[in-house]
Amino acid sequence: MRIITFSLKVFLVAGIIGIFVLLPVNCTGDQLQDIDLVDISNNSLDVFSISNVNSGSKRLWAHFCAVYIVTIFVCYLLYYEYKYVSSKRIAYFHSSKPQPHQFTILVRGIPVSVGSSISDSIQSFFTEYHPSTYLSHMVVRRTNKLRALINDAKKLYRRIIHLQSSPTQNKYRPGNCFGLFGRKVDIVDQYEKKLEDIQENVRLGQSDVSLAGEEIPAAFVSFTSRYGAAIAFHLRQSINPIQWVTEQAPEPNDVYWPFFSSSFMRRWICKLVVVVACILLTILFLIPVVFVQGLTNLSQLEVLFPFLKSILTITFVSEVITGYLPSLILMLFLKMVPPIMELLSSIQGYISHSGIEKSACDKVLWFTIWNIFFATAFSGSVLYQVSIVLDPRNIPAKLAVAVPAQASFFIAYVVTSGWTSTASELFRLVPFLWSLMRKPCTRSTDDDLEVPSIPYHRDIPRLLFFGLLGITYFFLAPLILPFLLLYFCFGYIVYRNQFINVYAPKYETAGKFWPIVHNSMIFSLVLMHAIAVGIFTLKKLSLATTLIFPLPVLTLLFNEYCRKRFLPIFTAYSAETLIKKDRDDQNDAAMAEFFDKLVTAYQDPALMPIQLSANPDSLNSPLLSST
């Protein structure tokens, strides 16, 4: 919601400047009449862009001033928002009750001497080097097989409950001869026996996992104070940098248990594989981008597919193919990117679901910027206008018209991807259709439904990409701004409803995603400055080009100041904050009970005793219960 309100403020000011100042300036120009480019002069949207302003015209100073005004306003808002979110993050920390992750760190690369266990090594190390604050530890164990068994037990339990609670359900079936002959067998009785077998296998598996052979050289180590945990986290514990490696522990319900790998080398290789996979995915995605850009050129389509020539002459068909269809195809391909990036981040070694989503958010954002903005712009202007290379004398003039002309594609992209995604978010059509398809197969009941949480790695990059489009194109083609304003207004209404009535957070990030927002907006500003330099150069306004050069330098200096001033608050809390909070808790009588629970807070759920009941009366009882 802060991203949406921030974008509304930016584009409200940019919209006033763009619609009431720059748009009339662009319309009064006649540059397009002086350049014989048939494909562009037939496009009515280009009349409203900077391409229509005459080269060397003093009217271009309006665009120059607009770039400066919007840059200053965006930087002011970025500073205000960074300061506000930072203060809210600290206020949340001070007002929150004691949380297990505030007192706990994760330790990996634990060396084990001959004749001792991992638990013994941890005990001796931390009692020697952190004797005053060390409280307890919980060694991580391999439980992949156990989790699979418990999932099977859950599915079977739900199936039994569904059969017992549905009077119309057929609970009997023939017992032999492929279901043609023989006595009828009680399905519920069969499932109950199978469930008992799985329960027994789970208990045996838990006892086997408890042996030292299933231990992983990693553990959650808890301390008696937040300051003690912070000291252990920030200090390097060993002379060997790959031993006793520490990192902050996530919330217990945020831990991604399959993340633990056996060695430092394996984690390093996984990160390298993910980087290579992201690069390959980025390159392969250029195929649909090039295909989409081919759809925007009717002449190329007629050459490639001569049999479509008669159909493409129909006005309605040509407008749909060149206007709406490319953005729609691109949007469908982009739907696959967030799940793929989340999968890649999950094997990269992150220890929490929030860490995975934060990493996936970064990947999706830069993937979108590179493959949608840059690939579309270059394939739509440079590659699409390959013929201009044959006439080098007119390259600057033609390029000055062709680059802003891509605004028509991005306006269609905002309508198809932005408006459509926001509308589908309100109705949640995809989850609804998926639930209808899987319900007959899984026999799920209303009690099986889980409250969804917002996928940050899908929605935040989309909002930030539209912010990039608005900032980079507001002075080139201001006509895109009303479409963006409508998108963010609609998004404010929809997401406010979703947060109140639909979504429930699975973990608390305390504002950790905001640095991504800040960096993205700084990148958008610098990109806008680079485009402005090119446009003013091509428009033969050399003085404006010279005066624009200090702007990206000042913007980057502002970003460096914000990085020094606010970013440390998002990476770790200060000693002043931690000690003050610890002193406030010293007089709290509930801290003794909290420390008792902290000892087992990070126990693997797969190792907890389970009790499953096939009784209809237990329909509303918890599936997993500890003894």
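Note: Cβ is positioned from N, Cα and C throughout, glycine not excepted.
All TrEMBL annotations are machine predictions without curation.
The annotation domain 'CSC1/OSCA1-like N-terminal transmembrane' is assigned in TrEMBL to 1-81.
Here TrEMBL flags 60-79 (among others) as transmembrane segment.
Residues or ranges marked as domain 'CSC1/OSCA1-like cytosolic' by TrEMBL: 102-258.
Taken from TrEMBL, the feature transmembrane segment covers 268-291 (among others). Through the fold, the transmembrane segment (268-291) approaches residues 261, 329-330, 333, 337, 340-341, 344-345, 347-349, 363, 367, 370-372, 375-376, 379 of its own chain, all at least 6 residues removed from its boundaries and within a Cβ separation under 8 Å.
The domain 'CSC1/OSCA1-like 7TM region' feature in TrEMBL is assigned to 271-536.
The transmembrane segment feature in TrEMBL is assigned to 311-334 (among others).
Taken from TrEMBL, the feature transmembrane segment covers 364-384 (among others).
For the transmembrane segment (463-495), the list of distant contacts is 1, 3-5, 7-8, 10-12, 14-15, 17-19, 22-23, 26, 45, 48-50, 63, 66-67, 70, 74, 365, 368-369, 372-373, 403-404, 407-408, 410-411, 413-415, 418-419, 422-423, 425-426, 516-517, 520-521, 523-525, 527-528, 531-532, 535: same-chain residues at least six beyond its ends, Cβ to Cβ under 8 Å. Among the features that TrEMBL reports, transmembrane segment is placed at 463-495 (among others).
TrEMBL lists 516-535 (among others) with the feature transmembrane segment. Long-range neighbours of the transmembrane segment (516-535) within the same chain, counting only residues 6 or more positions beyond its ends whose Cβ lies under 8 Å from a Cβ of the stretch, are 2-3, 6, 50, 63-64, 67, 71, 74-75, 78, 81-82, 358, 361-362, 365, 369, 400, 403-404, 460, 464, 467-468, 471-472, 474-476, 545, 548-549, 551-552, 555-556, 558-559, 562.
Residues annotated as transmembrane segment in TrEMBL: 541-558 (among others).
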